[in-house]
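Colleague: Here's the feature list from TrEMBL:
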| type | residues | note |
| --- | --- | --- |
| SIGNAL | 1-19 | signal peptide |
| BINDING | W56, E82, H85, E206, N209, R211 | chlorophyll a binding site |
| BINDING | R87 | chlorophyll b binding site |
Amino acid sequence: PPIRRQKIVAALALSGAAAYVAPVAPKATTALNSKAELEALAMSNTDALGQSMGFWDPLGLADGDFWGLGNEGTIGYLRHAEIKHGRVAMAGFLGFIAQCTPLVNGEHAAAPYRGYVAGVTPQEQWDNIPQAGKLQIIAFVGMLESYGEGAGNPDGYTHYTKGGLPGFYPSIKGKGAGQITFDLYKPFPIFPEQSEAQKERGRRVEVNNGRAAMLGLMSLLSASAVPGSVPALSGIEGFPQYSGNVMIPFEGDFTLF
């Protein structure tokens with residue numbers, strides 16, 4: 001019923017509300033090339049209460065040397081990976097919530113895709129997509145990933161392990177035989193251009209939001225798989241339950257185990 005879904009949405013939204021409070025922006029910087037700069041960023045970054053979040057690296061990854069990249073290259077790799085994971089988690093967290101709202105009500109807003117079944121959980125929606133459709137999605141993401149890593153020699157692109165800005169994605173406008181007319185970062189020219197200080201502040205906000213979203217998404221998936229595993233969500237009546245395994249993306253098609 002709509003009332004139940006509204007309660008679910010309210011609980012999920014409130015549980016991550018602090019993640020969307022912007023921290024105070026310190027002095028603008030560019031890519032971080034040393035552990036000292038990474039520590040300075042962590043100490044200057046603040047939470048929703050304005051308190052420093054501190055530097056936390058229990059595994060000592062910031063001292064590592066992955067695949068011979070050197071310490072500076074390794075830090076760039078780790079920062080870029082965290083930002084990308086955070087972006088995916090933010091999209092997944094909001095997508096999961098959207099399936100619980102009365103506006104969606106378990107129905108697909110546009111033309112139903114092949115394998116579409118109404119009123120199922122987000123995980124079941126993925127399971128219901130045919131194997132060929134899943135492979136198309138993965139191939140498309142792979143193409144974006146390849147271009148983001150520098151394939152095709154994007155103009156002015158510097159790799160994040162070689163001093164480039166972590167999280168940066170090169171422009172795709174004018175690519176594809178000139179048929180692409182927008183960029184992923186700013187697909188529609190409806191927002192004013194930002195100053196470098198505003199962009200730096202936005203990047204810090206994005207990191208905080210991404211970290212919160214990764215925790216939030218895992219809490220949703222955990223509560224769906226194991227009732228009661230997330231105390232903050234255990235009291236929500238009608239919380240969607242999933243009997244499959246989200247760690248086996250092709251479980252509905254085939255399995256190697």
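Note that Cβ sites are derived from N, Cα and C of the backbone, with glycine treated the same way.
Keep in mind it's a predicted model, so treat the numbers as computed, not measured.
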Colleague: Max Cα-Cα distance in Å among W56, E82, H85, E206, N209, R211, the residues listed as binding chlorophyll a?
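Modeller: Largest Cα to Cα distance for the chlorophyll a-binding set is 18 Å.
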Colleague: For the C-alpha pair, I'd like the distance in angstrom between W56 (chlorophyll a binding site) and the residue listed as 'chlorophyll b binding site', rounded off.
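Modeller: Pair distance, Cα basis, whole Å: 21 Å.
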Colleague: Write out the long-range same-chain contacts of R87 (chlorophyll b binding site), meaning residues 6 or more apart in sequence whose Cβ is under 8 Å from its Cβ.
Modeller: E206, G210
Colleague: I'd like the Cβ neighbour count for E82 (chlorophyll a binding site), meaning other Cβ atoms within 10 Å of its Cβ, all protein chains included.
Modeller: 16
Colleague: If you count Cβ atoms within 10 Å of the Cβ of E206 (chlorophyll a binding site), leaving out that atom itself, what do you get?
Modeller: 15
